[in-house]
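Each remark here refers to the structure printed beneath this line.
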Amino acid sequence: MFYTENYDVIVIGGGHAGTEAALAPARMGLKTLLLTHNVDTLGQMSCNPAIGGIGKGHLVKEIDAMGGLMATAADRAGIQFRTLNASKGPAVRATRAQADRVLYRQAVRQALENQPNLDIFQQEATDILLERERAAGVSTKMGLTFRAKAVILTAGTFLAGKIHIGLTNYEGGRAGDPASVTLSHRLRDLGLRVDRLKTGTPPRLDARTINFDILAKQYGDAELPVFSFMGSTDQHPRQIPCFITHTNEQTHDVIRNNLDRSPMYTGVIEGIGPRYCPSIEDKIMRFADRTSHQIYLEPEGLTSNEVYPNGISTSLPFDVQMKIVNSMKGLENTRIVKPGYAIEYDYFDPRDLKPTLETKAIGGLFFAGQINGTTGYEEAAAQGLLAGINAGLFVREKDAWFPRRDQAYVGVLVDDLCTLGTKEPYRVFTSRAEYRLLLREDNADSRLTPIAHELGLIDEARWARFNRKMDNITKERERLKQIWIHPQSEHLNHINGLLNAPLTREASGEDLLRRPEVSYEKLTKTAAFSPALEDKQAAEQVEIAIKYQGYIEHQQEEIEKQKRHENTLIPERFDYSLVAGLSNEVRAKLEQHRPVSIGQAGRISGVTPAAISILLVNLKKQGMLKRGE
């Protein structure tokens with residue numbers, strides 16, 4: 001049965017990847033359909049009620065800089081905001097928000113329902129239609145067929161999902177939701193490489209049964225940060241604290257004594273779990289010398305009694321979960337509202353994707369989110385945005401776009417996945433980026449908003465505000481260059497009050513701000529350099545750009561050297577068997593990975609600099625040496 005309307009883009013799945021994937025092409029003016037098994041769970045935070053963190057906050061800022069939704073939703077739902085690594089350098093500072101699940105979901109749904117060019121339909125997708133090795137639409141469980149020129153799959157943990165609690169298991173996409181079994185079988189028939197991964201979640205606790213009076217409180221920052229470049233603290237709801245407790249020897253004994261009932265330690269679960277968010281069972285076994293682990297009790301919302309105990313993800317049986325919880329300080333009489341569980345699910349080898357997240361085998365079919373082997377809301381949303389952009393460009397038959405590693409954390413994420421693949425759930429860290437001083441949270445807009453404007457992703461109000469900010473930064477830097485303080489200046493005493501050593505020769509405002517003891521805020525409070533910029537975001541960029549100018553210029557020089565190879569493209573169907581001098585091992589790896597550029601080829605493990613030289617010579621001989629943008 002064919003539906004009466006055709007679409008440009010269809011998105012399967014309404015999680016964090018799916019919502020961004022649907023909004024992007026709709027903003028670009030393309031007729032888009034979002035298919036979800038349940039409209040009421042659009043934007044659902046299935047695991048921890050938080051957005052951001054180290055590396056992850058950077059992704060949220062980048063999504064926002066390109067017109068995405070996540071930052072705005074987090075600002076409207078955040079009930080505790082903190083800047084992590086605030087005392088460290090600007091490259092690793094990161095925003096994190098504890099979020100009210102209901103408010104977050106409401107913000108997402110409101111944005112989706114009010115987005116022009118976007119339709120939402122509640123129905124389970126069971127098949128992807130193909131014509132001449134290209135995606136042509138989707139069919140659903142009730143027999144409806146929707147036609148489209150591009151399809152984006154963002155199925156999360158739903159593909160052949162299996163939930164484990166103790167030695168009991170059953171099909172499910174997450175607690176309370178069915179798995180997508182039919183679609184999983186169909187996708188396996190397409191010849192794509194499929195494997196299994198595992199993730200988990202802790203039990204949810206009843207706040208009314210927790211003794212908060214004897215627990216340490218963790219408050220948010222006094223000066224509240226915001227996620228969105230268009231946001232303000234006025235959007236934040238009421239702020240509340242989290243609480244901290246700890247596991248102890250009794251907790252650890254309970255876990256060790258019940259490992260024979262753990263699906264992970266009895267071989268029932270075969271999928272590999274996230275390295276950086278291990279289950280409490282894994283923590284106890286891997287860090288056997290530790291007598292205690294810190295557990296954060298995170299409220300799930302302003303109107304909810306549920307509490308998320310961050311740090312005790314588990315798939316042990318329910319009776320064991322109760323003993324674990326009741327063994328901890330403040331939780332002696334606590335009730336569990338929802339049991340913790342582990343979930344195994346299908347994921348696809350991301351090396352079978354182009355950096356645009358289009359599958360190499362099937363034109364117009366894009367994958368985004370956990371099905372590409374990642375973990376985390378932010379990683380999923382970033383992929384959804386990129387897939388949505390490129391699905392739109394594909395439909396319009398325009399050149400694809402994806403960010404470089406030196407351009408965005410999204411670029412680092414996608415390059416790591418598509419070049420190296422992953423055998424465990426992948427998450428972003430600042431340490432994964434070679435040029436992290438250039439990929440800061442504060443400058444995500446200057447890196448990406450002009451591109452978003454060119455792609456049609458942002459409105460004129462945002463574009464005008466961005467340009468005002470950039471203009472203010474330029475003018476302020478020039479102003480600080482022009483103001484000089486000399487040893488006879490009437491302002492000398494005020495300036496010397498900021499310095500570790502008195503000024504002995506003339507210095508400009510820029511010179512003074514380069515000194516580690518001088519901040520922009522302090523400098524612009526002096527009569528010589530007031531007034532300060534009213535825009536705190538612009539002021540922050542001015543200070544960082546001046547203080548770290550030497551380091552930034554050094555990284556930019558390194559990037560220019562790398563670009564020579566990064567922008568040297570390899571033809572899509574290049575025949576490596578014709579390249580004399582390559583070892584069989586290198587040839588096999590290049591055939592397997594199909595890198596899109598010389599730079600990407602050089603990051604494949606085992607592909608030597610000598611092999612790259614041979615490849616460059618061969619491309620030149622065949623007249624295929626082509627530079628990208």
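Heads up, the Cβ atoms here are built off N, Cα and C, so glycines get one too.
Noted in Swiss-Prot for the protein shown:
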type    : residues                                 : note
BINDING : Gly13, Gly14, Gly15, His16, Ala17, Gly18 : FAD binding site
BINDING : 273-287                                  : NAD(+) binding site
Item to check | For Phe287 (NAD(+) binding site): intrachain residues, at least 6 apart, with Cβ closer than 8 Å | outcome: His293
Item to check | Under 8 Å by Cβ from Gly273 (NAD(+) binding site), same chain, sequence gap 6 or more | outcome: Leu197, Lys198, Thr199, Gly200, Met264, Ser279, Asp282, Ala342, Glu424, Pro425
Next on the checklist: Using the alpha carbons only, what distance in Å do you get between Met285 (NAD(+) binding site) and His16 (FAD binding site) once rounded?
Outcome noted: 32
Checklist entry - Ala17, Cys277: which of these binding-site residues has the highest Cβ count within 10 Å of its own Cβ? => result Ala17
Next on the checklist: Return the count of C-beta atoms lying within 10 angstroms of the C-beta of Glu281 (NAD(+) binding site), excluding that atom itself.
Outcome noted: 25
Next on the checklist: My understanding is the cutoff is Cβ-Cβ under 8 Å with a sequence separation of 6 or more in the same chain; which residues meet that for His16 (FAD binding site)?
Outcome noted: Gly43, Met70, Gly369, Tyr377, Glu378, Ala380, Ala381, Gly384
Checklist entry - Among the binding-site residues listed here, Arg275, Lys283, which has the most company in the form of other Cβ atoms within 10 Å of its Cβ? => result Lys283
